[in-house]
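These features come from Swiss-Prot:
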type    : residues                       : note
BINDING : Cys69, Cys73, Cys76            : [4Fe-4S] cluster binding site
BINDING : Cys113, Cys144, Cys204, Arg276 : [2Fe-2S] cluster binding site
DOMAIN  : 54-281                         : domain 'Radical SAM core'
Amino acid sequence: MTTYNLRLKAKSELTPHPTAQYWRKCQVEELFEMPFMELIFKAAQVHREHFDPQAIQLSTLLSIKTGGCPEECEYCPQSARYDTGLEKQVMMDVEEIVEKAKIAKARGASRFCMGAAWRGPKPKDIKVVSEIIGVVKALGLETCGTFGLLEDGMAEDLKQAGLDYYNHNLDTDPERYNKIVHTRNHDDRMDTLGKVRHAGLKVCCGGIVGMNETRPERAGLIASLANLDPQPESVPINQLIKVEGTPLENAEDLDWTEFVRTIAVARITMPKSYVRLSAGRTSMPEAMQTLCFMAGANSIFYGEKLLTTCNPEEDSDRLLMDKLDLYPLAYEPSDA
């Protein structure tokens, strides 16, 4: 098997990367330690240098194959190893997926993300999802897939089918990765990310906060994302949704200011990436989400469900956007 390692910028590099610097973990920690208002202000300045601060990219996420995943990730209700009451389902029919995509576009989404609860797809799965990708792409939607670990040639097949983005999160600080995920390691993630880049696909890569990590460990997650070379085009920042039956169901609540800080630090360290305010928004008051947008979040998951968990309804999101004078970003082939 060929191993593709997504290059991490080396500490020995004295000249910054043309588009991104190397971020030492201690430097990222210093950002987290800034006075809250100063941090938000700095992040807002960086955001305005690269984006229209009123524009929000809307993505709809659909689970096309739910439950029964053989992986053991302590945050995930889809693992077959946990009793969460979620039943394993077969893959959705192509026609049903396409209908969901049409609805998403009609409601204003510009990107359609499809997820499957696999450790990794089999060749026959790639054939099926490639057909789906082609049809969804023809609707005028940007396409994203999250299908797990990829074997050689699969990323190229997905690219050929018309996939724009591949989502593969780093989840948490590399130093604590195997405290959270027990059936794969950080290098496995990096290998698939390397294959995705090698195939010419754009990368969607983020993580989850609120899993009992410390602030330095949150800094480690952001540093690991910011030091991917090149940086991810999309960075979803998820707040843990605590699901009964998972090992993290009783995780300590993350203070809301710490989540906003994480958004701000992601914006500063990855100035040209779309920073997505991702899972956990149902528990976020409008004022908190507003601060996240001020701090540089410029993408949300849009639709009533995120894989298996609830998400704000479209009407409430549009109402909030109207209050804040935000507008949905239209899809153009040149967009990130």
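Using the three backbone atoms N, Cα and C, a Cβ is placed for every residue, glycine included.
This view paints the features noted in Swiss-Prot onto the structure.
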residue : record                        : DSSP class
Cys69   : [4Fe-4S] cluster binding site : strand
Cys76   : [4Fe-4S] cluster binding site : coil
Cys113  : [2Fe-2S] cluster binding site : strand
Cys144  : [2Fe-2S] cluster binding site : strand
Cys204  : [2Fe-2S] cluster binding site : strand
Arg276  : [2Fe-2S] cluster binding site : strand
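Cα separation, Cys144 ([2Fe-2S] cluster binding site) to Cys73 ([4Fe-4S] cluster binding site), rounded: 22 Å.
Annotated [2Fe-2S] cluster site Cys113, Cys144, Cys204, Arg276; additional same-chain residues within 8 Å of its Cβ mean position, judged by their own Cβ, are Ser59, Leu61, Arg111, Thr146, Tyr165, Asn167, Ser234, Pro236. Take the CB of Cys113 ([2Fe-2S] cluster binding site) and look out to 10 A: across all protein chains shown you find 26 other CB atoms. When each of the binding-site residues Cys144, Cys204 is scored by how many other Cβ atoms sit within 10 Å of its Cβ, Cys144 comes out lowest.
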